[in-house]
Amino acid sequence: MVSFTLRAIGACLVSLPALVTAAPTSHISGDFQVLEQLHEVPQGWVQTGSPAPSSQLKFKLALQQDKAAAFEQHVMDISNPKHENYGKHMTQEEVDAFLQPPAHMTDSVFNWLASEGIPKHSIKADTDWLTFTTTVQKAEKLLNTRFYNFKNTIDNTQVIRTLQYSVAETVAPYVHMIQPTTKFSAPRPELSSVFTSDLEITSSADVDCNVTITPDCIRDLYKMGNTFAKKDPRNRLGISGYLEQYARLDDFSTFIDMFVPSLKGTTFDFKSINGGKNEQNSSLDSVEASLDVDYAIGLSGALSTYYGTAGRGMLIPDLDQPNITNNNNEPYLEQLHYLLGLPDSELPAVLSTSYGENEQSVPKKYTDSACHLFARLGARGVSVIFSSGDTGVGSACQSNDGKKITKFNPIFPAACPFVTSVGGTHQINPEVAIHFSSGGFSERFSRPWYQELDVNHYLQHELEHGKWDGMYNPSGRGFPDVSAQSYKFATRDHGRTIGVSGTSASAPLFAGVVSILNSIRLAHHKPRLGFLNPWLYTIGRSGFTDIVHGGSDGCTGTDQYSHLPTPYVPGASWNATRGWDPVTGLGTPNFETLSKLVLQY
């Protein structure tokens, strides 16, 4: 991706005794049950002392969700064009009613929090999630642990975290997770490459599409003609913004004038989440934001909103990312809860996100919870699209569980079964897989039914027998689902025209295509596409051009982010093959065909 991989810059691991003072201590009476813990402390971190007892920490508590499996099956059903309930998206009220936990569960957790000094009136309840703010002193007593300041020895950033936390046994059956506690992370843009010299072009007429990509190149390659989405509030295109990436209106306006003059005057709205800003005169890096708005909106022409979310996440560091910030807020949860709290009429129809992180760098309870929230967006008719990543088979190529096993690294959220993951290609005539396109198989999520036949075919007939055994999970969710161009996109940023590469070009590109397909459906009185994958792997598959040349790479012996030494795997790669493959998915879009297929159901 020029995607922001919430990438985990690496960190070798040291044993727990190296930081025993950070380990949880049973310091209050009563029985507790450990909810989450880290196996080891990452190298590159030092304990710098204890936070002030009065320091404020904001927590999100996820209640156990006994109806998750039934709900997710319902989302699959309403997204399956062969099912009688296809297209019957749920309202906000229907989702909340379906997932509302039993009153005794919520009451028990409320009472537990109140008994530990957290006033009930300060606890915000949102279906099966609770949000509360408390002091370090109270949090330590509540969670039977000790919080410490940790400093990263690479960039000197600090964070307040613990290695383990517990909850009272009386409420343990009701609490799924509480964060931020053990999730150390810092999202960062994963720039596959940004060409620092200015592009000597002023319009699409100056471009060789084998060298530089513009909207006209994409329209020609994917047979889009001059079709744009109508500006319809039912078909809003949402673009995720994190990490103080500001989408500049002047740059966007110039890009449209240069490359899509038929959309002259088109702009986008901005919505702030958790205090997020969209400063127009900042000197901070904004290539990711510029790329996203230029191509998602420049291709679709849809009514669009840039969602700027403040805060940075926390991670279980691995060889990609020992990079942490002192901000306690996790952007995915902040954004997801904001969006799910919107009335149905204000939800985006398509949400494009060009960010990701190594799946292993995120606690399992967290990936499960976040993926389920993506399913809730799908239930309400939102197509959630993520770039697959820019590390090929992997960059760290080592487990971070203390065992240091050499393996490929799947990407989250790209490997969540309820998002559509977009890989990367380059060149035209023929279009081929690009080497950095991330793909593979989840170690957290099992393979969903909609891709069972395709992935099994790849494993049994296209992948050399025994190749890469032990390096990946052959029963995991395969990604990406589809792919699109990802190399040297002409982009306006800070008043310059530059070239940018990454699957974070592929994601907004594909989001623009989906937005136009939604517009076609709405014009024919059909519902929005919503969660795409069951449709893509059934009806939609014939609307994609199979990419059979090229492949990914990775595991080169040097981490591409931290530049630390990593395991070297000679020839590490997934090849583009006939049918689905873990580099390009089902292939690249043929809009001419898709525009007809989209009206069949």
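Just so it is clear, glycine is given a Cβ too, placed from its N, Cα and C backbone atoms.
If you check Swiss-Prot, you get these features:
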{"type": "SIGNAL", "residues": "1-22", "note": "signal peptide"}
{"type": "CARBOHYD", "residues": "N210", "note": "N-linked glycosylation site"}
{"type": "DOMAIN", "residues": "212-601", "note": "domain 'Peptidase S53'"}
{"type": "CARBOHYD", "residues": "N281", "note": "N-linked glycosylation site"}
{"type": "ACT_SITE", "residues": "E288", "note": "active site, charge relay system"}
{"type": "ACT_SITE", "residues": "D292", "note": "active site, charge relay system"}
{"type": "CARBOHYD", "residues": "N323", "note": "N-linked glycosylation site"}
{"type": "ACT_SITE", "residues": "S504", "note": "active site, charge relay system"}
{"type": "BINDING", "residues": "D546, I547, G579, D581", "note": "Ca(2+) binding site"}
{"type": "CARBOHYD", "residues": "N575", "note": "N-linked glycosylation site"}
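In the three-state DSSP assignment, the secondary structure recorded for N575 (N-linked glycosylation site) is strand. Summarised as a single figure, the pLDDT of the domain 'Peptidase S53' (212-601) averages 92.
Of all the recorded positions listed (N210, S504), S504 sits in the most crowded Cβ setting, with the most other Cβ atoms within 10 Å. For the recorded site, I547 (Ca(2+) binding site), the DSSP three-state label reads coil. Here N210 (N-linked glycosylation site) is compared against the recorded positions N281, S504, I547, and the shortest C-alpha distance is to I547. Comparing D292 (active site, charge relay system) with D581 (Ca(2+) binding site), their Cα atoms are 25 Å apart once rounded. Cα spacing between D546 (Ca(2+) binding site) and N575 (N-linked glycosylation site): 13 Å, rounded to the nearest whole number. If you compare Cα positions, D581 (Ca(2+) binding site) sits closest to N575 out of the recorded positions N281, E288, S504, N575. The two recorded residues, I547 (Ca(2+) binding site) and E288 (active site, charge relay system), show a Cα separation of 26 Å.
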